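Chemist: Here you go, one structure.
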Amino acid sequence: MRISTTSCLCPFLVCLCFIQRCYGASHHVPAKVLSKNQTKLANGETEVHHRPKRGWIWNQFFVLEEHMGPDAQYVGKLHSNSDKGDGSVRYILSGEGAGTIFIIDEVTGDIQATKSLDRERKTHYVLHAQALDRNTEEALEPKSEFIIKVQDINDNAPTFPDGPFVATVPEMSEVGTSVLQVTATDADDPTYGNSARIVYSILQGQPYFSVDPKTGIIRTALANMDREAREHYTVVIQAKDMAGQVGGLSGSTTINITLTDVNDNPPKFPQKNYQLYVPESAQVGKPVGKIKANDEDLGVNADIKYSIINSEGANMFSITTDRDTREGIISLKKPLNYERKKTYTLHIEGVNTHVDPRFSYLGSFKDSTTLKITVGDVDEAPVFSMDYYIMDVYENAPSGTEVGAVTARDPDSRNSPVRYFMDSKEDGERYFRIDESTGVVRTTQPLDREDIPWHNITVMASEVDNPSLLSHVPVTVQVLDVNDNPPEIATDGEVIVCESSRPGQVIQTVTAVDKDDFANGQRFSFALPSQLPVNPNFTLKDNEDSTASIIARRRRFNHLTQELYELPIVVWDGGEPSLSGTSTLTLRVCPCQRHGRIRMCQGEAFLSSAGLSTGALIAILLCIVILLAIVVLFITLRRSKKEPLIISEEDIRENVVTYDDEGGGEEDTEAFDIIALRNPAAAEELKFRRDVRPEARQHCIPPRSHRSPSVELDEVDVHEFIKQRLVEADLDTSVPPYDSLQTYAYEGQGSPTGSISPLDSPGTHSEQDYNYLDDWGPEFQKLAELYGEAESDVTT
């Protein structure tokens with residue numbers, strides 16, 4: 001089967017059709033199906049063919065789109081080699097659009113399009129043709145596939161799918177600066193003819209902008225476009241197909257172009273001279289006026305920094321920039337005084353903070369102006385001569401003592417009189433008062449520095465003519481010290497005395513305190529009271545550095561014998577005049593371990609606080625047990641003898657009491673001590689211990705290099721001793737008004753050889769020192785105490 005056409009549009013296709021027709025009319029070559037590699041013959045066999053190379057596709061029909069004629073459009077003709085022209089061959093058409101869009105003449109094989117086609121909707125149709133024997137309905141040739149392509153015509157105009165557009169470009173840009181690229185699309189076939197070949201042109205926007213005809217890039221066409229003169233531009237771009245030739249279709253779009261700002265305008269003050277009125281009562285740090293320079297730029301390009309460039313104005317005023325309004329805010333730095341200066345001149349400069357160096361040729365981006373400030377006179381409150389006052393007065397000064405004076409004046413030119421008074425809300429009014437006309441401050445009562453050393457008061461002043469205007473000034477009054485407080489011993493508690501203390505050992509160092517200040521209270525001296533007898537246990541040493549040391553005078557103390565001692569101490573301060581005070585310290589005797597560490601003191605058991613040691617407690621318990629045993633034994637014996645435990649009152653018997661006491665010799669005089677009947681005050685002065693041997697007179701003892709104790713006692717002048725006692729008895733005013741016989745039967749020491757018993761040998765005691773027992777530990781502590789007590793008794 002051969003495919004032929006009678007209508008070809010292009011010369012190439014006309015030639016092709018002419019060759020096809022000539023070849024088909026003379027030779028009747030059977031049509032071959034090129035879309036497959038196999039051909040079905042009439043006898044049912046298949047023949048495999050290899051597709052040859054070719055430079056053109058011959059099994060295609062072409063039909064114009066958008067055919068608007070009254071008759072159907074002729075497409076082409078199908079012809080079989082078996083067709084003799086006698087009508088025995090019937091042609092059948094199948095595939096896309098067969099029977100609806102495309103119809104075929106069964107006898108002639110002519111194909112026609114019955115409807116108008118749109119290439120942009122469907123570019124081609126695939127159909128199948130077959131030749132049948134009209135009588136037998138057998139296929140004369142196998143099915144052949146061919147394509148009907150819809151041939152494009154220029155029926156679509158270019159369009160801008162993304163329009164309209166918005167673009168920006170900086171003002172003052174150079175010619176040719178790219179703004180935006182626009183692209184139009186054409187639905188026609190870009191491979192066939194010039195239907196989709198687009199050319200761009202500008203319809204509106206000249207002479208400011210231009211467009212590239214091929215690429216659609218919009219560029220600036222005018223130099224120095226000023227945003228401040230014109231900011232917005234509307235540009236219309238046209239796209240035309242057919243390469244812009246006559247008859248081509250076109251479309252257009254709109255581009256809204258805005259010029260962005262650059263800093264190409266300096267700030268400008270509207271005026272070169274300004275005036276401002278400021279009252280002298282304006283507060284420091286508060287705004288007093290505003291000034292503004294205009295800048296035609298926008299954003300950061302219009303930011304302005306203001307400054308005062310002359311010293312006269314800069315010393316009194318300051319200027320800052322308001323970021324929102326770009327105004328210069330003028331504030332006061334120092335108080336104004338109309339009477340001192342009435343006018344000020346300020347030279348103010350405004351400078352752009354963001355300068356573009358590209359426009360430096362336009363000049364400096366700054367401007368200046370002059371502001372004249374006039375100070376207004378107002379009625380002002382009184383002004384004190386000082387910002388604050390410091391006064392002083394001695395404590396204990398009588399009421400009405402002058403402390404000091406404050407001074408205030410009216411700053412106005414009329415110089416009105418001033419009245420003074422104190423703030424009633426403060427406590428200072430209780431201690432001070434002020435003269436309302438002179439400003440003299442006086443005390444209302446004696447002050448005590450140790451109670452309140454400083455007083456803070458507020459003095460106010462007002463004009464007599466205008467009391468509503470007040471001024472305040474702080475006044476500090478210092479209370480000066482006088483030496484009116486005696487010193488005292490500074491103690492945190494009791495002073496601990498170790499039982500093993502030795503003569504000359506420092507028990508504790510004491511200091512003193514004084515409520516007075518350093519000038520009168522920090523130099524102290526110490527001593528024991530002079531009116532009291534010498535303390536046999538302790539003495540005091542003044543260290544001459546405001547401290548004193550308590551020193552033991554005897555060896556060893558015993559808390560069982562006496563636990564507490566009182567030591568009065570007199571301390572003087574270094575003031576003028578000097579004051580003294582007596583403080584009594586309590587000294588507690590405590591057992592101590594080695595190196596002075598306290599072993600047991602207030603932490604003892606309740607029996608220890610009563611003076612009982614553990615050994616004494618055990619002894620008492622043993623005595624109680626023995627007494628109970630004796631009572632039980634006595635009751636048992638009474639019951640065994642059947643005797644009543646209680647003797648009847650009628651049973652009167654004589655009791656003979658025997659005292660086998662031979663007396664104690666001269667020591668027996670201690671049994672009766674008449675001192676108890678005497679005046680205690682006088683008896684304290686003349687009380688002597690009678691168990692002490694009479695001192696030997698130095699003039700009666702001949703000098704010898706070696707003397708034994710027994711020989712020394714023999715040489716005592718007993719008669720002189722007795723006479724001395726008689727004289728003391730006659731002169732004693734504290735004895736009763738009757739005579740008292742006192743017997744002194746001192747018989748001497750006895751044999752020169754002495755006694756072998758150590759009980760009555762005070763003159764022959766051992767010279768051995770038992771202090772090393774203190775270092776043997778707690779197991780030998782009791783033994784060390786016994787030897788220590790024995791040595792203490794011998795020493796006494």
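Including glycine, each Cβ sits where the backbone N, Cα and C put it.
Sequence annotations record features per position, and here TrEMBL assigns domain 'Cadherin' to 80-160, 161-269, 270-384, 385-489, 489-606. Taken from TrEMBL, the feature region 'Disordered' covers 746-773. Feature annotation from TrEMBL assigns signal peptide to 1-24. Residues annotated as transmembrane segment in TrEMBL: 616-637.
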Chemist: Per-residue pLDDT averaged over the domain 'Cadherin' (489-606) comes to what?
Modeler: 81
Chemist: Mind tallying the domain 'Cadherin' (385-489) by DSSP state, helix then strand then coil?
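Modeler: Going through the domain 'Cadherin' (385-489) residue by residue, I get 4 helix, 47 strand, 54 coil.
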Chemist: What does DSSP give as the helix, strand and coil breakdown of the domain 'Cadherin' (80-160)?
Modeler: 0 helix, 35 strand, 46 coil
